Amino acid sequence: MSVLYLLSSLGVINGLLIGVFLVFRNQNKVANAYLGGLLLALSLRIGKSVFYYFEDNVDLLILQIGLSACTFIGPFFYLYTKAIYKQHRKIHIKDVVLLLLLLVSIVSIGLIYPYQTLPDVWRGYVVYGIYINWAVFTLLGLYYAVKMLKPVILKPSAMTKSQQHLAILTIALLIINLTYQMALYGLFTYIWGALIFSFTLYFLLGRMLISSKFFSPKSTDQPLADASKKLEELNVLMDTQKPYINQKLKLDDLAVQAGLTKHSLSKLLNEEYRHGFAQYVKEFRVKEAQQLIHTRHELSLEGIGFEAGFSSKSSFFDAFKKITNSTPSEYRKARQLVA
């Protein structure tokens, strides 16, 4: 029992610390902020389970806080996967409104029907409502996760590190959700959810530490291992997630999504691809523009450039001309003649 208690408790404490770190660090990284919120909500909910499982007399306020935090697990997972998929650069108002509505709702319920005096209300309608909310938003988050993982779901070896982390996180959350849903009906014990959370957290942290520069050779002259494979994985990422449509995409941003360090990505694009980051992104944007010319006839050429990720008309026309040896206008006319 002491080992289970230690593992579960450490997972909760580490989850809280990492959650706070992600929420308040890199505020321009929207997905990180939502991931931090997800870890905080999970840690509070699982912390409640640990206390309830191992302690005889638990303050009912702790139980109320744990169940209240459960309200946000599904929504934060949904917002996290959506932010990655849609390449959000800032927090959207409608997402803030969603979180505020949930916060006002659960706080109001807690004030009107406090757990300490009306535990039967919480054990009845409230907890079932919270768990339904958790399940619904988890499924919405799963929708975006599947869209990002679908091209490589049958080829795990082709997954980038970021895709691997997303897959592990998604599977763990589904198992935790299922564990708690079953425990609600007396079919399982809550402590398994706490253990799954702890092991998943430690596994992901271990992978991140092992692959970090702390364990990497300091020499920058060594060749990049599996460079061709890494470039193929990066190409799959670009084709499936289309990070290049973000006009402000930077080397750092793409490195995070690819699960590489900034230096490794730069080395990969300079040595294996041979033309550098800027040209690499331009080629994908031009390819996207060509596709849009075929399919989005209602858009002007300038509009197509913006949709493909170019920040100005001139940069779009220059890149298109250099890569295809024709202007966007000439390309569109040629396609119309063929059609």
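Quick reminder: no glycine exception, Cβ is built from N, Cα and C everywhere.
Going by TrEMBL, these are the annotated features:
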type     : residues : note
TRANSMEM : 6-24     : transmembrane segment
TRANSMEM : 31-54    : transmembrane segment
TRANSMEM : 60-81    : transmembrane segment
TRANSMEM : 93-113   : transmembrane segment
TRANSMEM : 125-146  : transmembrane segment
TRANSMEM : 166-184  : transmembrane segment
TRANSMEM : 190-210  : transmembrane segment
DOMAIN   : 235-334  : domain 'HTH araC/xylS-type'
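Secondary structure counts, DSSP: the domain 'HTH araC/xylS-type' (235-334) has 76 helix, 0 strand, 24 coil. For the transmembrane segment (125-146), the list of distant contacts is 67, 70-71, 73-75, 77-82, 84-85, 102, 106, 109, 113, 153, 166-167, 170, 173-174, 177, 180-181, 184: same-chain residues at least six beyond its ends, Cβ to Cβ under 8 Å.
Looking just at the domain 'HTH araC/xylS-type' (235-334), the mean pLDDT is 89.
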